[in-house]
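Asks: This structure is in structure tokens; I'll ask about it shortly.
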């Protein structure tokens, strides 16, 4: 039987890769995809722990995460479209208006 | 057990909020209805408040009319109300001022009338709630919530510099109360193990009591005796002074004591008449009330150490406030500084830790609410007519407004504590308490100086405004008080006389609280006769048991850590 | 004869029945004040007069009843009341009292609404209500042209009520109510014509000066309370024994009546002298409490000196006398009632009331006597050069009060009280006479612009003459006897270790007598004799109506007949005769004598004045009067037109300007206070606290905020990176924690 | 395989390449979920993520007509720091996980039969977690409306 640790390691790796992408990539769309990646890593952790404890709650949590991810993707992509319309770019370097 | 046996306090507190909801439903153009409904609400609240006051049994338990239900049990909180003698008296004062404030503002406020009355009603609820709260966190919530409607009252309906004054008022009090929040949380955490500790005043006090007694014993013992303290007593030894300082600062700003008083003149000057009345009448008392209820009993040893210092500040406040009055040209500022002086008496009486001083202090709180409230009210009438606050713009008003002058002079006498008016009893008891206390005699003597200065500045102002010839043409045709204004003023004048000649019914209700306060505050005093534990302990109703709430699940087995 | 005696010794209403109605004596004028003040405007002039006068008349009748009741000895049983602080058999004779219950209580402190009428307060009740009624009657005519009549009568009634409270109170705090109450009424009445701001300022000056005295009074009260506390803790049975009490009774008394009752204080005074052999004496240090370390005697001296300052405020003595002359700004009946007959004598009354405590401290007594003497002389000198008739009378009042203080200070309480009584009569008569003069001369107050009125104002002239003679001390008028009784006592009483005081004060007294005779004669001569001044406002004065002259006549009559009180007609208990008034007040003053005997602080002399004493005093007075007559009838009329020597002018100017005392106070007291207030406001409050501390904090916060703003680049990724760094840090920290 | 495709997601120049790599990552993950006896979630993963969300992404990419990025972005300080911290975190987690020993619970045959099935997950969602479930539904609704409002320039 595969120890849970390996699943967790995989999740950690996925999470860090997602984080790397979020922090380094300039294309807003790719950034979003990386966020999805991170969310999936979290899901994997949930499920791994659920398996470890034999508890169904992890599954429920994963289900909620998926739902929230869907919502987030919808809103996020809408924003990207709106920004693209007004600025003509999806490069985060060009979108630095979050200041006074 | 009728409904009111358990819910009377709730009714008193939330009735204004209910009427606020009613007002909210009215269209904002219906000024008359808004005023009428607010007034009726306040009157009803007055009726219930008076009922509660008379239900309070002086010889009964310390806290009466208690009401307690679970609320955020996980954090040791409960929704707990109750009144002791002091709170009942201040509650009476608050509900008394309510309808009068509404009456006083009927012509003074001319825009955003609906919002104004909403603010008044909400403010009333928060003030009453703070007075009746038996849970420290609940008190804090009301205490903070009070700021918002008051901020609006000053900031929206104030005079020309209202923004500055409102912001100053808000920030000043916020600084103190945030520190207090930190101290509340800190004292909660040190007060006991998880599960035992609670934000409830009774539990909190009882938990700290033994430690305070140990600490007092070693503080008054030989040098270095406190090094061997353990547990809660040691914590209080180290951090008690800081927690006390945080509480004290919060309340001192509210009182306000010298030198954190400078928000008061600005706020008073800019506030509309209703704001000034409530500010002077009730809100300042939250500071002294806080000292009385929380700061001093919870940390008697630290309070004892800080007592001379605070007493010096109080005396400075008395004399300094009075001197400030002599330098003013602005009438409202003068009245505001006289508040600083009067509240100095309240603080001094508290810090004297004698039953005379504390009783006098409590009585002085009521007196100040009435006399200064009435001064602001009366000046508000004058301001409506002339729209100036400078003394030099008046003069000889007595000729054209005799009734007004008579009322003002009577209130002035109350304010300078002429015997036979309410002010005298409070001031006399405070001064006597100070003389009787362990504070050096000089404190009493200096505080008594305020008696002279008080007469000097108040009569000076009366002289400048009312007497002499009419120097300004505008003042020649001022109209005297109308019926509404007389009706608003009359209760004050009646109370001035009643409280001056028959103070005993009021004092009787304060007395038990005083005894307990003095006993609790003298826990830290060296050489004082110590009361027995059962007199010190706060007896409150216990939390009614409830159906088991849904508890969050805890992990069955924690992660095993490999060694 | 026996029938008459029996009539006077049987009160029409038995004392025990009457006692509960004592409160009515105060309530009636209070009610009158309320009715006049609130409804006066609608009642109309006649009704206001009716209400005000009948309120005082009612009070007078009740006072008469009360006074009668205090002398009740029907069936050989002298009226007496139980002494709450003494043993069962220890009763207070010749007094009635009633306790209306607690006024306020806190801790172990308590004040009751307790009223007490004994011979001292009884006689004052009669003075207040009797003279008060006459003055009300006078005022109905005097104020006939004034629109504020209803206000005036309301204030006047209020004043009477407060004064009655002062006199009838059986404890210090209730006395203080009256004490401040009269101050308040006086403030209102002095500033009655408020449209004239100088008059209103005079009212304020009076109130604030009085407040300085009240400040001392309050502190003295607190010290007394502390002393009583210390006493009740330290005293042993022998102490209580010597006072005719016991611990149980005394404690019971404190519990029921509170610590500031005069009877309780009296018991303490009786227990304090050394001779009693108890644990507590004057030299005993106080063990516990705020006064620990001081001796009882020391505290008592301090207390009495503070009371002196308090009394100086109310009774216009040095250093607080300055308000009284200015107080003449009020209507003349007010000056007569308040600033001559009643209120200003409150200080004398206070010391008579507390005589048993006062005799414990020879130092305080000497100070009182010397202060009285100096004030009296200073006021007399100032009065030389005053031209305003009311101002002269005001300074003469200050001077006469000084004489009373001399008496009180040297332990001749009965004579001081008698002088209070006679002074009330003749000074009220003088003031009302002056008012009548003003009324008939278009409100002219400058005596140089009057003159020759003896023909035009016959009644006024006659009564003024009688009272002038009374005040200057001409046999056989009352003023002579009462003043001489004081000087005789002053001369022969000796304070322990302070023997020089007797001689000094007596010498001063003679000087003052001469001065008084001089300036009073001057006023009389300039006003009534000679030719009518060419500067007079009206060509012919008119005599006032009988409403005004009747009180004058009654008062003049009284200032003659009160001399009876000074005659030695009553048998002394130790043999010999004693003056009627001394005998009359002996129930009140007996404890003081007992204390003085036991403590040996003052040697009291009981001899009656010899013929030589009378002769000296008479000659001195006569010489003063004669000098005035010579100067103003012969010398000055002859000097008219000649240049006045520079020295004389300087002296006159100095005296006219009241020796510049007001200016001195202004310079050393008022201006510094105002200056300090101003500086504090501008520098400490506005600059240091508000600008530097409060706004400074805001400024720093704003600057820091502006600085931090640069960090906000708006780059979301940068924020996220920092977040990630923080997470990394947290994780590393957690890992290290787990590992270690 | 999962890691490789995830690596492609973050390194690919073109968003389309990234997206396609992401899809494969999701499929691999679904397989792993099955290994963890999470059949329901695995199915949902494929349906929602790989199906719905990725289609959405591709639509957006097409809609915006994004080609290869013109530049890779300046390597700013924060970017370098962020990247470094990501690797640092990975290292720390690896060390931590390397020291822990977590084994799957030993489930009885009864539990094995129900664990992770649609029935059991549905059971708990509609009983104990009903309120959060409703909240999520509301969230989705709001997201839907919000997305429309934000994306549409005019409504």
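The backbone N, Cα and C atoms fix where each Cβ goes, glycine too.
The following feature annotations were taken from TrEMBL:
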- B:6-24: transmembrane segment (TRANSMEM)
- B:36-54: transmembrane segment (TRANSMEM)
- B:73-128: domain 'NADH:ubiquinone oxidoreductase chain 4 N-terminal' (DOMAIN)
- B:85-104: transmembrane segment (TRANSMEM)
- B:133-449: domain 'NADH:quinone oxidoreductase/Mrp antiporter transmembrane' (DOMAIN)
- B:138-157: transmembrane segment (TRANSMEM)
- B:169-190: transmembrane segment (TRANSMEM)
- B:239-257: transmembrane segment (TRANSMEM)
- B:309-327: transmembrane segment (TRANSMEM)
- B:334-353: transmembrane segment (TRANSMEM)
- B:365-384: transmembrane segment (TRANSMEM)
- B:396-418: transmembrane segment (TRANSMEM)
- B:438-462: transmembrane segment (TRANSMEM)
- B:483-502: transmembrane segment (TRANSMEM)
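Are these features on the surface or tucked inside, and what are their neighbours?
Replies: For the transmembrane segment (B:36-54), the residues of the chain that approach it from at least six positions outside its boundaries are 4, 8-9, 11-12, 15-16, 18-20, 22-23, 26, 65, 83, 88-89, 91-92, 94-96, 98-99, 101-103, 117, 120-121, 124, 128, 509, judged by C-beta separation under 8 angstroms.
Below 8 angstroms of C-beta separation, residues 12, 16, 35, 38-39, 42-43, 45-46, 48-50, 52-53, 56, 58, 64, 117, 120, 124, 127-128, 131-132, 273-274, 277-278, 281-282, 285, 289, 292-293, 362, 365-366, 369-370, 373, 377, 380-381, 484, 487-488, 491-492, 495, 506, 509-514, 517 of the same chain, each at least six residues beyond the ends of the transmembrane segment (B:85-104), sit close to that stretch.
For the transmembrane segment (B:239-257), same-chain residues at least 6 beyond its ends with a Cβ under 8 Å from one of its own Cβ atoms are 172-173, 175-177, 179-180, 182-183, 186-187, 190, 215, 263-264, 283-284, 286-288, 290-291, 294-295, 298-299, 301-303, 305-306, 310, 313-314, 317, 340, 343-344, 346-347.
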Asks: State the mean pLDDT for the domain 'NADH:ubiquinone oxidoreductase chain 4 N-terminal' (B:73-128).
Replies: 87
Asks: Per the definition of 3+ C-beta pairs under 8 A with sequence separation of 6 or more, do the transmembrane segment (B:438-462) and the transmembrane segment (B:483-502) touch?
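Replies: Contact criterion not met.
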Asks: Using a cut-off of under 8 Å between C-beta atoms, tell me which stretch among B:138-157, B:365-384, B:483-502 contacts the transmembrane segment (B:396-418) the most.
Replies: B:365-384
Asks: Any residues 6+ beyond the ends of the transmembrane segment (B:138-157) with a Cβ under 8 Å from its own?
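Replies: For the transmembrane segment (B:138-157), the nonlocal Cβ contacts are 77, 79-80, 109, 111-112, 115-116, 119-120, 122-123, 126-127, 129-130, 163, 165-167, 169-170, 173-174, 177, 180-181, 184, 199, 201, 267, 270-272, 274-275, 278-279, 283, 286, 290, 294.
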Asks: Within the same chain, where does the transmembrane segment (B:483-502) have neighbours whose Cβ lies under 8 angstroms from its own Cβ atoms, ignoring anything closer than 6 residues to its ends? I mean 6 or more beyond.
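Replies: Cβ under 8 Å, 6 or more out: 96, 100, 103-104, 106, 363, 366-367, 370-371, 373-374, 377-378, 381, 403-404, 407, 410-411, 414, 419-425.
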Asks: For the domain 'NADH:ubiquinone oxidoreductase chain 4 N-terminal' (B:73-128), jot down how many residues DSSP puts in helix, in strand and in coil.
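Replies: Each residue of the domain 'NADH:ubiquinone oxidoreductase chain 4 N-terminal' (B:73-128) counted once, the result is 39 helix, 6 strand, 11 coil.
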